[in-house]
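First the structure, in the form of structure tokens, and then the observations on it.
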Amino acid sequence: MDKIPVCRRLFEAGSCTIPFCRFNHNVRLCTVCGSICKSDRTWQLHLAGFKHLNAQRARERARREPQNPSEPRPETTSCKLCGCLLYGPMVVSSHLRGRRHIENALAAGKSPSSRDDLHTVEMKWCDTCERDVPLNDFTFHCQGVQHRRMEGSKSLAAALREAEEDKNGITVAEGDVDFGIVPWDSHFAEDEPTRTVASREIFVRNTVPNSDIVLLDVRLASFPLFSSPFKMRSQVTRPVALDNVIRAIAIEFYPQHLGSFEERVTLLFEDRRLSQRFVVMRTLKAIVGDAADYEELRPSAPYVRPKWQARNDVGEVIPGEAPPALSSVKWVVPLPLAKIPLNLASILCLGSDREVEDKLRSTVLPRSFNADTYGAHFRVLLHAEEKKMEDDLQVYDMQDTTLTKDYPFYSVQVPGLAEKRPSVIVGDSILVQASSSAGSGKWFEGRVHRIRQLAVEMKFDSSFFALSGEKFSVRFELSRHPLRRMHQALSSAFKQPRILFPLDEHLKTINAPKSFFQSELRIVNRNIASNEHQLLAVAAIVKQPPGSVPFIVFGPPGTGKTVTIIEAIRQVLNWDPEAKILACAPSNSAADLLAERLLDLGSTVLLRLNAPSRPLDLIPTALRKFSSVENGHFTIPDLTALKRFRVIVSTCISASLPFAVGVPRGHFSHIFVDEAGQALEPEIMIPIKTMADNDTNVVLSGDPKQLGPIVRSSVAIKFGLGQSYLARLMELPLYDEKDYRGVSIVKLLKNWRSHPAILRFPNERFYKGDLECHADPLVTHSLLRSHALVKPDFPVVFHAIAGKDAREAQSPSFFNIGEVSLVKRYVQDLLGDQRLRLDPEQIGVISPYNAQCRRIRLSLSKIVRADRIKIGSVEEFQGQERRVIIISAVRSSLDFIKFDLKHTLGFVANPRRFNVAITRAQALLIVIGDPKVLSLDPLWRSFMNYIHTEGGWTGPVPDWDTSEGVPESASYDKQRRAKAEQEMTELEDLLKSLVITTSEDRAGDAEAAVDQPWRPDE
């Protein structure tokens, strides 16, 4: 369809006056960058292109800093070495420090700081291109391709605007013709819906008496080349005279699928006395869905982008009263402050990430990364992450907020607290200042004592007092305790290469355990005894000599890595009566799971060690007696009692507590870290670098193909903080899963979770097809009779829907009402089908955006029992499983895909998040999304090809050949855009990329902060 030539009359008059013209009229004009697209597909691809995104970003900057061509501009400087223009002295200074300029200067044998090659350039404003052009180049610019393209684009835009205007005395119904929300009465089999036809009339009137104007044709832009749900009730087969009466033209809308639809209709007239034809155009719009859902879930107010601005210094702060839990432990080893050094802080405040990276590389970071520089390297990255966390926390600052007094506490309502946005724990600091004293008054620190669902209770200094109704500014302070514990670990003397950079030479054994040794183990979990991979892992861990290299249990989804770790702990205890184990995990929930599976060891052997700040009511009841509790809060046993436990389970952060109270290095013979792929490397180093000695063995379990650590700073990610310790080790030759199987690593292969159809794609894509299906068919095949299935016996569904992204008020998080409504339909059908006997707890809904999760909860709250369905982000589902998983991808606009990629949000181009999302389901996986957006990602496109080929697709059909292979290269999305650009070049060659210098988008960072998870558990 893209090969059909575009009608040239569109450029001349904005529409075509030839009845039944066979050329393409279904074009779209991008007013942001002047591009013209001749199909919906090329339009969507263009919106994802760098030209459009750069132009849009430049336009947003212009709106924030409007330019008047008549006003003086900042001085423009040309750098001859680099061949670029620099606007203003700050940009010049930044450019001189940049890597590109330094490299060019050194190559030319010149000093990078020299200004000899900088020259002032006089500029002239180009009204057509809306930008400055060097005066000497202005004539050449006006003759150039880019300028002429923009002229053509503006001519077409003017022609289209002209076509939309009433003219020659003919008036057509004002504005868009909106069909509103059309109900969808089908079940999930979209090919056989109960048709609900909506109709609207376009009223045409001739306001000039005695004129001889007739209506020749009414035509849809898509006709006759494209299918459209909009139809003319009757065609104009002969001229219709337009007297001084109103003529009604009926247009019908036949809903074929759920979602949003748009079309243009052209009315062709002829003035017979003048022998002149002209057109009037209108836009047709319709939404197919549940009107009640759209009304209930619509944005409360138009979205207003948050304006990022640096916080003012707080000045004087009156300290608050800390909760008693924090002072209940006597620390032997003090915790360092680990403040960001001033020189590093100044670097982190530079304008762009590129500048920060260059400066860190040249001045602060060690030249090499080895055992000697390990601590210094990661301390810099932690400081970069801390700076970004502080910046992101500003988005939660509140103005003109009231406090509620509940003596001796004050409470403040915190929107998003239940979703940990922001994350607040007992002991945190919240600063408040009377709004009447803004900018000059002192601040009071409130220390958090209790946390409710939507509010926190704080205790201030006795001098603080709040009048009823008094307004306050509220700031959330970053809790630095986890960061300080990581810095403490990184500064320790322990830096053994066998742990940090293991090589062959560090191996103490080169053979995997033989079968006779495995048979000597008294396996507690009988399932492991019959699983050769799990049994080998357990035997290898037990057999490791003291002081071995870290051992890795590589556990793909559903293969039982935690079960394997639990059995290994039991066997180590049985095999070595002197063994003492520190077992850790990144989160409290994962640590609780470890402890719960070891309860039979008894409370004299097992201790669940909790941070004093952890609320007592959040720990599972069964673990209460295995924890140290005093005066209603968690504490730490005295040193003598602590050393008696053979197994201590904690989070990685709280693993610093034994060191802090005086437990000597080497006390633990083994350190286990479950879900090691989710933790920061410095986080895992807390138990290792504070507690390990020359003989301590380290065991890691996890999956580098699933979610990694949460890192907010792109600079820190650039230098390696985003890669887990587990993933880094697995890149080393020593951890080849075949060559060193049973020596340093074991890959678990038996999947006990998913239906074969659900497992097939991730198995082939991420795990080399090695995984074997061993799940219970009574579970995995239990939903094959569900109405939700498109194809019987294939429990994977992709429901394509062209929805619409939305945001509201001050909340930058995205939601998609069409997808929310569809999620509700599936939940109603699944819970209402008595044959399936599904409990709500067996259903999980995953979406990457906080606003979408909130609206799904609201929508499901009206369904009986649906309040027990877990709804959350991918991060909240890692390590979990559900009988049914419903995924809402949200994105229906490619405008924001680059935003997602920059801030690691969403599913596109994020294979680990994709992998976790689709591997949580046991019996039924339902994915709801817009294929035009998702198909940009080769991984998603391959997945959709798989579902379509197997018969699990419903909704609008793909606009590509699903039988074609998808290239594996990372540049696949660029290839798709390049193909679209080639097609659009045929249409006046309008898609050559613009080179626009971008600036750091701090407002975008603030927008992204609300959808990024926060800190690890203490």
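A Cβ is built for glycine as well, from the same backbone N, Cα and C atoms used for every other residue.
Feature annotations, reproduced from TrEMBL:
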{"type": "REGION", "residues": "56-76", "note": "region 'Disordered'"}
{"type": "COMPBIAS", "residues": "57-66", "note": "compositional bias 'Basic and acidic residues'"}
{"type": "DOMAIN", "residues": "396-476", "note": "domain 'Helicase MOV-10-like beta-barrel'"}
{"type": "DOMAIN", "residues": "530-613", "note": "domain 'DNA2/NAM7 helicase helicase'"}
{"type": "DOMAIN", "residues": "641-713", "note": "domain 'DNA2/NAM7 helicase helicase'"}
{"type": "DOMAIN", "residues": "733-931", "note": "domain 'DNA2/NAM7 helicase-like C-terminal'"}
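Predicted-model confidence for the domain 'DNA2/NAM7 helicase helicase' (530-613) is 96, expressed as mean pLDDT. When the domain 'DNA2/NAM7 helicase helicase' (641-713) is classified with DSSP, helix, strand and coil residues number 25 helix, 15 strand, 33 coil. Mapped onto DSSP classes, the domain 'Helicase MOV-10-like beta-barrel' (396-476) shows 7 helix, 39 strand, 35 coil.
In terms of DSSP secondary structure, the domain 'DNA2/NAM7 helicase helicase' (530-613) contains 39 helix, 12 strand, 33 coil.
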